[in-house]
């Protein structure tokens, strides 16, 4: 975000012009009367004629019927036939025009300077004109289907609005004429959209209308109205049905307005929403995590309800309802996965590849073992036995009242259970009473996980008691209440059968909600006493619970929507950065039209539809009903980037923590459609509940971007303040009662969860990397680290942990293998391997492509990608492959670009330039015959037999360096450290511990000289025989961008030795960093153990390397990276440490999220307002508008991580 504030335009000028051309087209059903350029009059006349054609044909049928020349049915058939013929003609003309224009397009050259929407019209029926007015259908099947539907629609529409029928309904000719005229406007709009040109709907659910379903939306709603009218005509007189027909004829006139406002959902959204509502409130199920699961569960649940109706025995109905309700409330789709254990479950969801390790198999529910099967079978058996015994022994007493009958004690037990469960759940979170008051029992200011768990022990005990009462006691009490209800005697009535089918299922599916619903029913009955409430008592307990559940859900939605409405209204004025020039006018209009505003909120709650704030301004509309998930696509789509690995790593551990929090009630009442936000350091986790059943929950975990924009930062800061007030500094609340001063915020803190995550620490290395004292120590540390790695390499090879690709010679040397696997740990990525012929350009390109690290990335490129340059490493690598010819643009020796090649490095630190293997300007040297080049026999005579285990490959000791150069740096070899390390490693290769053997090994001069030569050759090849004096040179070596030296070609020819050398340098820099921070190493033992720790627990490299990515997913305990901030001119160190940390989690206002997502869908899919600086994506500290937009599913949102639906137990 670059621009912030209230003056950001809602729509830019281009989008405003586009919107005002599209919206009239939507209102009228497709005619394009506003083009933005001049068009001949016949274009508008043709569209008007086509628009009024259905009215013409319907008028003919109506006139003949009024003149009594045709019966009503025959008049409708005539109108429908005429419309069918006209529709067929239009489709045939459109097909012909498409073929003609296709030929013209192939022959002619397109003019790229002409606006893509501008059409050159030649005459009224030219192919261009026809294609502009009637584009035609993409599929032949739709041509036939839509043509038939157009004829049927016109015929039934004529029948629906016949003047005789309207006069019979309203008894007035004047009213009938008004309804007749306006009704035909509605019919013409639907016909035009179906046949001629389909308008873009404001109610858009899918981003693409692949199968051309949108043209059927408007005719479908008209057919619904017609079906009600035909039912009223051809059935016995029913006053309610006649009233409904009268009302719908009036509402029929307002269908164009409802279509334009986007209140009526498209077909796919209507189907999914209808099935979800029927499954939840009619059949006792839960919203599903996918469309396929919803369809299957709806079908199975409907089949159970139908079977219940036909079971003759009351006992059979009860037992069948209990058993099927219990089984359907379990997550049966995961049975196969659970049988394989938690590892398989996490692997199926993509977490095993890169998430925390799954929880211990000892935790209940993570696999389907004997304990789980025994518990489930026991619960089912006890429930069925309980119901059977109660029906058998108390069946004759079912007709008694609640107070005197057997339901009385159970009713009071339900009241007690509800009070205990509610109280024990409330004290689990940070706030109580709907987030208004601070919970005095919740621990505050706890940063240490162990201390936090210790302080929470009392709450854990209370949560365990609640869990037993809610999941093991309450279901049996509720089954007893239902079994003893007197309405079971009439179970074969449709309503009673459906009600009890739902009731016996919801007892298991959502025990907490079912307990609340039964308590409301009990309180109503207790309030009535011995009086009989007319109409209520005859419904039966099942239908009563259904109505109460629907009422509670709609009431909770109304309250949440009302809170969201007040937040938008109040903050549009109180927040200066949200106060637009129109804020006062909008507030005044909302105050003046307050009853209308409440009606909009109520209607959206009744329809379970999102409350849509247009452009997130206080202009509220009713969005079209849609499923709880809000999005049509599968769960788990994201816009991945390198930062996604951090969310992928923590997902498994977070799922385990959520499982515990759900079971304890720390996050409140968990219902599908709930949204939670987790915060830890710079990470934002968005959690959405998808399903909920008995003992399981399904969630989707999303990760938001780490590269914070200005808008993201503003909202993240407010999130931190909200969490800080709840968890860290409760004294800031200001009142002794502990009121939540952030109650109006969309986020309400709930609990802190212990999760295994990476803690990210970043340090500026000024004073460390540029300290001459530290740099002088770096050379010695490099030699020690390299010697340690060489010896460790020999030990691993001896034990068979790796196989060298080099030939190992000497006494008893093994022959080289043709293909071997190098199994070393902590290797740099392929980006630093010379064998892949990659120069330092590769590193800069890799680094610059990972922009998510912002100012802390390893290499920032302020001016974009640098032009390719061929460093010496690349030249030598090419020479190995036979690239002897000079490439175009290669600099000759003596004209090397110092600035580009060596960056900021001081010239004094550079080695004298050598010829790049080109043989220009220097005397020729025959390396094979030069007596000064060190040559030795491949066979070495070690004085100790164990020394053979520490022999090095022949290629490693064949460096093309003069003996004089090696002798000049010989004092740099740390002999004491070599002997100490050799003694420690010698114990690992000896069969039995022998002091004499260890002593002989240390005194082997041939072995010592061998390792000294290899180590010193590597030192010279890096250009480090003199002390490091330049931080830029150190950074280049750390990145693997080694400048050309005399021995670089030899070093790069051996992959393993190159890797070990680079790894040793990185180890030495980490030693420098640690010693500068913690003090110097006091003994060789401490240094040896430190290097062992680096090898075992650390990944030391670059964030752009694949090894970094893999180490995070494998949960390496620690990671270290060196970076360079070009803008600040500083070097930075980044340390990731894996540990259990407290992740603060809060509940979001679900209706606020759904409303903002509905506006996002309308704004991007209809208004196409994809401006990155639009008003509706700007920061809003109360609504968290920017974070909410990020969390939407792609392509509208852009979360960098989104998990597949995660199923985990919560008993």
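Just so it is clear, glycine is given a Cβ too, placed from its N, Cα and C backbone atoms.
Note that TrEMBL annotation is computational and uncurated.
Values in this document were obtained by computation on a predicted structure and should not be read as measured data.
According to TrEMBL, the feature transmembrane segment maps to residues 533-552, out of the candidate ranges 513-532, 533-552, 553-572, 613-632. Taking TrEMBL as the reference, the stretch among 115-138, 139-162, 211-234 described by the feature transmembrane segment is residues 139-162.
Here the listed stretches are 139-162, 250-274, 373-398, 410-438, 586-607, and the one with the most C-beta pairs under 8 angstroms to the transmembrane segment (294-320) is 373-398. Cβ atoms under 8 Å from those of the transmembrane segment (373-398) belong to residues 314-315, 318-319, 322-323, 326-327, 330, 405-406, 472, 475-476, 479-480, 483-486, 488-489 of the same chain, restricted to positions at least 6 beyond its ends.
Long-range neighbours of the transmembrane segment (250-274) within the same chain, counting only residues 6 or more positions beyond its ends whose Cβ lies under 8 Å from a Cβ of the stretch, are 23, 26-27, 29, 179, 182-183, 185-186, 189, 201-206, 213-214, 216-218, 220-222, 225, 291, 294, 608-609, 612, 621-627, 632, 1162, 1166. When each of 77-98, 168-190, 410-438 is checked for Cβ pairs under 8 Å to the transmembrane segment (49-71), 77-98 comes out on top. In the predicted model, the domain 'Pecanex C-terminal' (1032-1203) shows an average pLDDT of 92. Touching of the transmembrane segment (168-190) and the transmembrane segment (586-607) is ruled out by the presence of fewer than three CB pairs under 8 A, sequence neighbours closer than 6 excluded.
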